[in-house]
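According to TrEMBL, the feature ATP binding site maps to Lys118. Residues annotated as domain 'Protein kinase' in TrEMBL: 87-377.
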Amino acid sequence: MTLTTMAVEPNSQTWWQQVEHHYDRASALPAEQREGYLVEACGPDTDLMNEVASLLDTDEDVLDFMEQGLAYEDEQEALIGQTLEGYRIVRKLGSGGMGTVFLAESQDFFQDRHVAVKLLKPQLNNESWRRRFNAERRILSHLDHPNIAGLRGGGHLADGTPYLIMEYVEGEPITTFCDRRGLSVAERLRLFRKVCAAVHYSHQNLIIHRDLKPDNIFVTEAGEPKLLDFGIAKLQASHPDHQQLTTTQNRCFTPDYASPEQILGYQISPRADVYALGIVLYQLLTGFKPFSGLPGNQLLFAVCRGERTKPSEFLTTMMADPTRRVDVTRVGTARRRDVASLAEGLRGDLDAIVSKAISRVPEQRYEHVEAFGDDVLRYLLDLPVAAREENLWRRAFGWFKRQPLPLFA
């Protein structure tokens, strides 16, 4: 017998406990029995029922996508040695959610020596996904920014599989780059601001990336960040191609960096990218994502409930755990300071900046990425930050008190 749930305030702690309870029950049932269970268990509370159903759909989407990827992992490697538009495919670089990427080289003096060739995965080679893939080409054709990997060309293989020829970025994920170089917190923040500028540029062109994470933010040996992979980018409503692309949107995301509204299938705005960048900044500062170690289902619920540990509190907790000594040493070494002083340095302004960026409620985040980057700059300049606006005047007074008094003759 299933007891009908008493209606409670949506998004309250009790409500989310009910969501998790019914999700656990429903996910253990065969797919054909889940709808009946939710109707009986949730009763007239349609908000609760829709929330659980949305999470169940998300779970299925992620599992299906992973299984498809494993089934076709090596099929396109036969392309190695072939030539596309004057470029010989040399080796496989990697595989993402929608495409497989190869390194290609040219002997033509007038062409780039190396490029990245991205092909749609064979298991996704249908009309809907081809439209989605071709949309990425149109998106990239509108973007011209020094910190965004540029488009060089594109076309279709004989079997109709679409491909893109893109700028090859010889670098590594931003987190790896910062740790390998032993960058200080201030150096990491300055690099992060360049990333914010590139994302803000894409937003100005009415494009929301939707998959910002270290693996899609490479940094070259020269220290220049490059945004990669606009494969699941979303066009804002006022973009001329928005209507055509709306019908081909798919619920793809990286759970560790996806905002609650993205996980739940709600309307997406540029604030979803603000959230993802906030998670990246959290990782740059602490060495870890805020939900590190949580399995898939628990991760999704933690994100949607808004469970957040401030960066400084995360490090303080880690220092108190004797099993994390290796982690403590690694984090401190990579930032050229001991973790105790690092945690103290994050407490206050940087905690507030990160917490604002990764707020569960989109309206409580920075309105746009430029505002996020500007607040980071205020911190670097030792100015009052907007994330602590409730204490703005107190902070401003404190800043003026710290300045040396002018000398008069």
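If you go along the chain as it appears here, the first residue is 1 and each next one adds 1.
Each residue, glycine too, has its Cβ placed from N, Cα and C.
Not measured: the values here are computed from a predicted model.
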**Report entry** Listed in sequence order, residues with CB under 8 A of the residue listed as 'ATP binding site' and six or more positions away
**Finding:** Gly99, Thr100, Val101, Phe102, Tyr163, Leu164, Met166
Query raised in the report: Where does the residue listed as 'ATP binding site' sit by DSSP, helix, strand or coil?
Result: strand
Query raised in the report: How does the model score the domain 'Protein kinase' (87-377) in terms of mean pLDDT?
Result: 89
